[in-house]
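Each remark here refers to the structure printed beneath this line.
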């Protein structure tokens, strides 16, 4: 097998030559996920700083070992990293890569992710689940075996299911109905978080989301796991449904597992589409993001600029309402061309409403301004009724 050396972060890794990224490759390595790994290094570093003790990390899908190697080299206060993979070739390459980087605190195991977690119950402070596809079948093992106070880092690449392109796979994997809307990637993350939360609840555990994002072809959630029956029950109150009107774009949220969901839009009389159950609570911790951005300034990351841009956008939208509006979608409904998004945002801000861009969509705005007022504002800007001289 032909190989070559790549450099990422502070490590050098030997990887197999391949024509394209595929789950069928002998050993999986995806260069597109470098930013994913950069974010993970940053978030886990900040987590380690806040817990203020040495940590143990489980990378349950080792591949070439690049994630485990970077965690060892680039995260301060790592006592041990356990890298697992079911592929014997991946295990062999991972071990070579640890030697290549003179790493002694990484243990590489040939093991299924679920078995790896079950055989190390309560031993890991951080569990990283980054499979090719859905993490659904590994979430219960993660929930049952993560140490209380630990950090879970979970990726999903089956975005076609979570975003509503294919409904049945989402129902089958996550027990939720997705919805193909302009904010479908946000819905997808909220479905994923609700699914994780329900799995944790079985073990009287609940989550506090630190950071989440949708980038390229994947979604990623970072959350602290805590324990307690009453607080778990309270955390489940954050799960509910979104009712969306495809006719006028109005939407509303309803909390609970079996709520009375309205069928008709109160604004236009159109029929609602419904998504859920999904997480309606916070999907970002603003203080944690700020502290992580400060920490990133001192890290050696190839994708630092992209990472900081993502953190800044999520920081700005962290206090906003559930879902956002797409200015192009609204203008299409109004049958007008779109004004400059910054002009619209400035006027929303002048009226005292929350307003931010969103990392989910370039043309997206997160605001608590009522939709009918937002539509009229856009029309007024197009008709030049608003402005400093008016």
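Each residue, glycine too, has its Cβ placed from N, Cα and C.
Database features (Swiss-Prot):
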- 37, 67, 85, 112, 113: S-adenosyl-L-methionine binding site (BINDING)
- 245, 248, 265, 268: Zn(2+) binding site (BINDING)
- 4-378: domain 'Trm1 methyltransferase' (DOMAIN)
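Annotated features, which come from Swiss-Prot, shown on the structure.
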residue : record                               : CB count, 10 Å
37      : S-adenosyl-L-methionine binding site : 22
67      : S-adenosyl-L-methionine binding site : 28
85      : S-adenosyl-L-methionine binding site : 28
112     : S-adenosyl-L-methionine binding site : 16
113     : S-adenosyl-L-methionine binding site : 24
245     : Zn(2+) binding site                  : 20
248     : Zn(2+) binding site                  : 16
265     : Zn(2+) binding site                  : 20
268     : Zn(2+) binding site                  : 12
Same-chain shell around Zn(2+) excluding 245, 248, 265, 268, C-beta within 8 angstroms of the CB centroid, reads 246, 247, 249, 250, 266, 267, 269, 270
Candidates 37, 85, 112 (binding-site residues); nearest Cα to residue 245 (Zn(2+) binding site) turns out to be 37
Integer Cα-Cα distance in angstrom, residue 112 (S-adenosyl-L-methionine binding site) to residue 265 (Zn(2+) binding site) = 47
Taking DSSP three-state, what's residue 37 (S-adenosyl-L-methionine binding site) in: helix, strand or coil?
-> helix
Using C-alpha atoms, which one of the binding-site residues 37, 85, 113 comes nearest to residue 268 (Zn(2+) binding site)?
-> 37
Length of the line joining the Cα atoms of residue 85 (S-adenosyl-L-methionine binding site) and residue 265 (Zn(2+) binding site), in Å | 49
Please report how many Å separate the Cα atom of residue 265 (Zn(2+) binding site) from that of residue 113 (S-adenosyl-L-methionine binding site), as a whole number.
-> 45
